[in-house]
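Only one structure is covered here, and it is reproduced in the block below.
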Amino acid sequence: MAKNVVVVGCQWGDEGKGKLVDLLTDRVGAVVRFQGGHNAGHTLVIKGKKTILHLVPSGILRNNVLCVIGNGVVLSPSALMEEIRMLEQEGVPAQERLKISPACPLVLPYHVALDQARETARGERAIGTTGRGIGPAYEDKVARRTLRVGDLSDENRFAANLAEIMDYHNFILRDYYQAEVVSYEQVLEQALEFKAKFSHLVTDVPMLLAKLRREGKNILFEGAQGAFLDIDHGTYPFVTSSNTTAGSAATGSGVGPHDLDCVVGITKAYATRVGHGPFPTELEDDTGAHLAQRGQEFGATTHRPRRCGWLDLVALRRAAIINSISSLCITKLDVLDGLKRLCLCVAYHYNEEQCSEMPLDSDALVRCKPIYMELLGWQESTVGITEYEQLPLAARLYLEKIEELSGVPIDIISTGADREQTIILRDPYGI
């Protein structure tokens with residue numbers, strides 16, 4: 001029987017979703033992106049070759065897998081055109097494998113200009129966005145003034161609506177931010193170029209996915225960012241502009257929630273965060289520097305260094321609740337190789353009391369101090385191990401403690417960047 005699996009991040013993004021999605025795509029008929037935009041970077045490593053994707057789903061490197069961009073994604077024509085060009089240069093027939101919802105809002109140059117002007121104006125209070133226009137594009141969607149992929153079917157109407165929208169946004173840029181305005185002609189030219197090249201990829205995504213399910217095809221729903229960047233459930237205001245939690249898989253694709261069968265949550269064996277915002281277990285010492293260096297912790301999209309810290313089980317328990325996590329995938333276990341001691345955050349010290357639940361308020365979370373459980377590390381290398389029993393005893397005890405204190409079983413463990421460097425204890429698709 002066909003099975004629909006959702007893959008989401010349980011931290012602040014960068015957990016390794018791209019690798020897991022790529023690994024599981026040989027079991028599915030389609031991979032669906034359901035939220036976010038080209039602010040997300042998913043890194044795939046196959047036989048040592050690295051591919052970084054931002055909009056195209058991570059199944060694109062597999063033959064016979066349909067890659068679908070759902071309505072919850074805000075789509076930059078220029079970014080998608082560049083990504084498709086890059087893939088085709090590498091011999092990947094991206095257009096043969098890709099479908100796009102007509103309901104995707106477009107991210108256009110004036111969104112980028114607004115995003116960057118705002119961050120500049122905020123100064124030290126900047127959110128730390130990627131500056132790629134994602135927030136302003138989602139704002140236009142909610143304000144019901146967005147231009148969508150499907151609007152390009154009528155070029156005259158699109159041009160007229162674009163002129164009206166740009167009058168508004170250029171007024172804000174010029175008169176509020178004292179920034180340069182954006183050229184209407186250049187934006188229109190870019191949008192029409194996208195239509196000319198890729199309009200054949202546009203399809204009714206909910207009907208397509210329903211058809212695949214009737215045909216008995218497995219589907220994988222690929223989340224972007226992570227649970228605590230969710231606009232509602234994250235560390236607001238240091239969040240992204242979309243719902244990154246599993247519920248968005250339904251609204252961002254058009255699949256009914258009853259048809260989502262299980263949710264795999266991904267977390268690193270430690271924790272990272274890019275940009276501003278509370279991070280209770282952050283390590284600003286030699287151990288944090290070691291994790292960053294060993295884990296090559298630089299953003300795939302922004303190339304900004306990631307902040308590193310110990311795994312936060314208080315946060316992980318909350319992520320499991322708000323996503324209905326069925327099982328966990330632990331990534332970058334090998335990064336912990338060689339450390340003499342490891343720590344797991346099991347509670348917080350807040351307002352002179354011990355707190356076992358993560359506060360949603362960012363100001364409160366900043367004041368939370370981690371309470372750690374110490375465990376022995378291991379000196380052996382775990383890189384490339386594919387059998388659980390081959391892991392060092394201390395590594396197995398570490399994983400078992402994560403299972404015990406999170407309340408969620410671990411089904412998959414990543415021991416390196418390559419697709420093959422993985423331990424699969426239980427397959428989400430039952431294969």
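Every residue gets a Cβ built from N, Cα and C, even glycine.
Pulled from Swiss-Prot:
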type	residues	note
ACT_SITE	D14	active site, proton acceptor
ACT_SITE	H42	active site, proton donor
BINDING	13-19, 41-43, R306, 332-334, 414-416	GTP binding site
BINDING	D14, E15, G16, K17, N39, A40, G41, H42, T130, R144, Q225, T240, R304	IMP binding site
BINDING	D14, G41	Mg(2+) binding site
BINDING	A300, T301, T302, H303, R304, P305, R306	substrate binding site
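Sequence features, as recorded in Swiss-Prot, placed on the structure.
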residue : record                       : Cβ neighbours (10 Å)
G13     : GTP binding site             : 27
D14     : active site, proton acceptor : 29
G16     : GTP binding site             : 19
K19     : GTP binding site             : 26
N39     : IMP binding site             : 29
G41     : IMP binding site             : 18
T130    : IMP binding site             : 24
R304    : IMP binding site             : 13
P305    : substrate binding site       : 12
R306    : substrate binding site       : 21
Statement: One of the recorded positions D14, R306, L333, T415 has its Cα closest to the Cα of N39 (IMP binding site), namely D14
Distance [Cα-Cα, Å, rounded] between R304 (IMP binding site) and D14 (active site, proton acceptor): 12
Query: Reduced to three states, what secondary structure does DSSP give T43 (GTP binding site)?
result: strand
- prompt: Cα within 10 Å of G13 (GTP binding site): which of the binding-site residues T130, Q225, P305 qualify?
  reply: Q225
- prompt: Within 10 Å of the Cβ of T415 (GTP binding site), how many other Cβ atoms can be counted across all chains shown?
  reply: 25
Task: List only the single closest residue to T43 (GTP binding site), chosen from the recorded positions D14, T130, Q225, P305, R306 by CA-CA distance.
output: D14
- request: List the residues of the same chain that sit at least 6 positions away from Q225 (IMP binding site) in sequence and have their Cβ under 8 Å from its Cβ, in sequence order, or write 'none'.
  value: G9, W12, G13, G36, N39, A40, T240, S242, T244
